[in-house]
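A.B. asks: Below you will find the structure I want to go over with you.
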Amino acid sequence: MASESSPLLAYRLLGEEGTALPLNGAGAPGGASARKLSTFLGVVVPTVLSMFSIVVFLRIGFVVGHAGLLQALAMLLVAYFILALTVLSVCAIATNGAVQGGGAYFMISRTLGPEVGGSIGLMFYLANVCGCAVSLLGLVESVLDVFGADATGPSGLRVLPQGYGWNLLYGSLLLGLVGGVCTLGAGLYARASFLTFLLVSGSLASVLISFVAVGPRDIPLTPRPGPNGSSLPPRFGHFTGFNSSTLKDNLGAGYAEDYTTGAMMNFASVFAVLFNGCTGIMAGANMSGELKDPSRAIPLGTIVAVAYTFFVYVLLFFLSSFTCDRTLLQEDYGFFRAISLWPPLVLIGIYATALSASMSSLIGASRILHALARDDLFGVILAPAKVVSQGGNPWAAVLYSWGLVQLVLLAGKLNTLAAVVTVFYLVAYAAVDLSCLSLEWASAPNFRPTFSLFSWHTCLLGVASCLLMMFLISPGAAGGSLLLMGLLAALLTARGGPSSWGYVSQALLFHQVRKYLLRLDVRKDHVKFWRPQLLLLVGNPRGALPLLRLANQLKKGGLYVLGHVTLGDLDSLPSDPVQPQYGAWLSLVDRAQVKAFVDLTLSPSVRQGAQHLLRISGLESGTLLPWGFRSS
């Protein structure tokens, strides 16, 4: 019989004959061979590429142009502050024991229980699905900026027709390429990601050099239609080189209309786009089933990736503010190509990082979906996602995710999806922080993470920050996501989940009850606050329901204990006959709908048994009600 356990302890599943079977990332045969990715390839590379995504090439100008340098840096600090708090929680949970396939979902569900974990896991899955669509839409946008029929500038080739239908077709074709790589397994994905990492690093290096090496120039902007459909005169943005006047003009905010959507921008909408580009911190954790040593790789790789991306973002913000006027920043989101020493290298970087971010989101989503299906939380709906290849690759979950991404692509615009994706990620991050906070508050003796740079203060601050930013970014999306999470949790509660995972709520209740029991002092008892304390001895529970309910009415908020004496001598018996009976007695309490505790004892006589029950119940001064008692 398979046995579940808590993620707080490293464990194995027992096979039908009691032999230990190691779990791989996909939950399929393959054993340790499926765990072959190192910290760098399995965590650092995918996390860096996911956190850069399309934002690092196509939305730096958008953020700085609308928010200004000061607010842009404030947004970046807030975003990375929230991410850092979540990273601390992830590191604590990951270094406390075995982390199986499913990453964040595994951590949350095995801590908060299947109902909450399953609902948040599904929402985190949807966040990855939408994140994949956002990356693909950004890639389509960047391709059409160069090859589209409406492309501007001297380098525009104008060979690809444009329009909603054509854009959807291009996104679908790119999604097919991404899905093909992910279907072939994590090994091919890791090799493709490393190649992409090299291309992106080279492209970023060329951009940084270009800021210094390129002289001032005028850059043509996308023409806008006039009031009556007439064309307006050509407009230009200006790359001024390092100029203090340019920096001064770019310090303050200048929110304007987004030329890709026509919507008026504000702090919340710009922050949503920026934060969406930084939400890839779980990319390494999502690959937990394929990592050689996830307990070491996840915290180390994630911290390195977060520090590296933060440095690059700050550097690009400063360089853009020093060298580009606000018109260029607001009207040409792909201006890196226009100022580059060799524009094709920037294009390669844009395409590579967008493809990699979409692959990371898709393969992460498939691993979460496979873990959900393997746990059988949603029944037959996700049952096909359990199917894996001979090497343990969950190709069916990849196909599921591919189909959902295809539906999300119908949205058509990158900035349209940014707020929804950001809110979904924030819900998942808040849940990770809440999981770590619960474990820390419960003071569970088996919660001993080797990573110690966290406390309940950081966890609580992480939860509060995520919830606050959710409602600042999009109150509607935040409220809708919480409502969806509540409905999913109610559905899972109605279906029933694996109870053997353990619930941290039970540990929290024990901790609180113990704390307040220690504060009770019998020396301070007073007759004004006396409460009855009843011990009801029941011999035959089959006919005792009316008696149980009568005593329940008599207790009037006092302590009510059901007692039962089993006659016998433990020394002459092969085992304790009392322990197996507790479950049946607790079921009796549930059926009778009474608020009572249960105490059972084994004794040579009823009199001695009653004395034992009085003492172990703490009711020496209480009332003994031996009604209906018959010894067994």
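Cβ coordinates are placed from backbone N, Cα and C, and glycine is handled just like the others.
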A.B. asks: Using TrEMBL as the reference, determine which range in 164-187, 380-403 is annotated transmembrane segment.
C.D. replies: 164-187
A.B. asks: Are the transmembrane segment (164-187) and the transmembrane segment (417-439) close, by which I mean at least 3 Cβ pairs under 8 Å that are 6+ residues apart in sequence?
C.D. replies: no
A.B. asks: Any chance the transmembrane segment (297-319) and the transmembrane segment (72-99) have 3 or more Cβ pairs under 8 A, given the pairs are 6 or more apart in sequence?
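C.D. replies: Judged by the Cβ rule, the two regions touch, with the required three close pairs present.
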A.B. asks: Which listed range (194-214, 339-365, 477-494) shows the maximal number of Cβ pairs under 8 Å with respect to the transmembrane segment (263-285)?
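C.D. replies: Counting Cβ pairs under 8 Å, the winner is 339-365.
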A.B. asks: Roughly where does the domain 'Amino acid permease/ SLC12A' (42-535) sit in mean pLDDT, to the nearest integer?
C.D. replies: 84
A.B. asks: When you check the transmembrane segment (339-365) against the transmembrane segment (120-144), do you get at least 3 Cβ pairs under 8 Å, counting only pairs 6 or more apart in sequence?
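C.D. replies: Contact between the transmembrane segment (339-365) and the transmembrane segment (120-144): present.
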A.B. asks: Is it the case that the transmembrane segment (120-144) and the transmembrane segment (451-471) have 3 or more CB pairs under 8 Å, with pairs at least 6 apart in sequence?
C.D. replies: no
A.B. asks: I'd like to know if the transmembrane segment (477-494) touches the transmembrane segment (72-99) in this structure, counting it as a touch only when three or more C-beta pairs sit under 8 Å and are separated by 6 or more positions.
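C.D. replies: Counting Cβ pairs under 8 Å (6 or more apart in sequence), the transmembrane segment (72-99) does not reach the transmembrane segment (477-494), since there are fewer than 3.
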